[in-house]
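Please read the structure below before turning to the comments.
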């Protein structure tokens, strides 16, 4: 019996955060035995916001090395760089012709980013969700892990796929209609200084973010200064409505140690101050990240191995993507290349 196909991508823009790890990359490693996994470093998506070429080049290699360091196995999964598989851009253009302007103008992420990057509101940023649809539909993905900021894009991908199937192949659909992948444990990683906002690797205030490659001393310092509350006496309790800062730190501690919230609450019952708890959270995060960082540096220095991973991943992805694109071109009426 074939495994369900999953596709997920990571952007090589900015340093990846512990939010990226706990919310996505750790799932990637855990899903490999039960799913047919397609994992992609989405550099084509990254340039919808202006990038420094040298920084993008290095960030792409960094992201690939991090994927490998957290446990993505190229023998179990297909790991590739998006721009190495031209079918993504080819299908993306074609799907533009089956997407309405009104659909894209309603995308909240476009509204948010166009406000943030007001001097560079480009067509690529507007059509970002269509390229994401192409990423998904090329591989016949059954499930797509998505955060709250991407759910709307997945809905659009479903609409585009349904529309195309209804026009050209209602009896024998070309595109699989993807479903969201809902993890059994959902890591909620929020800003360290404002726990009402999601931790973002692109946050201008670096006190809000812990990166995967962050120096241990910096991690400890940021956790020590993280938001808590002024409740007297102090109370360690998981309560997002009333204790968002503490709940955020508890989530990080739970993710790093495997302890349940109930166990954490019991451990710190009757604390006189939040300092010892913060100290333990910082040390637990350092311990969680140390082996990942060591493996990352080992892999990053082995460019020959990385090149081989990229080459094999692109070959595997292209073979599958080309089959889908050929079917699409045929039903649309394109003349095949002799």
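Placed from the backbone N, Cα and C atoms, the Cβ positions cover glycine too.
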Looking at the ranges 3-11, 12-20, which is given as motif ''HIGH' region' in Swiss-Prot?
12-20
Could you tell me which of the ranges 183-187, 188-192, 193-197, 198-202 is annotated in Swiss-Prot as motif ''KMSKS' region'?
198-202
If you draw a 10 Å sphere on the Cβ of residue 13 (ATP binding site), how many other Cβ atoms land inside?
21
Among the binding-site residues 11, 13, 20, 189, 199, 201, report those whose Cα falls within 10 Å of that of residue 135 (L-tryptophan binding site); none is a fine answer.
none
Using DSSP reduced to three states, classify residue 199 (ATP binding site) as helix, strand or coil.
coil
Summary of DSSP states over the motif ''HIGH' region' (12-20), given as helix, strand and coil counts:
3 helix, 1 strand, 5 coil
I'd like the number of other C-beta atoms within 10 A of the C-beta of residue 20 (ATP binding site), please.
24
Would you count the other CB atoms within 10 A of the CB of residue 11 (ATP binding site), including those on all shown protein chains?
22
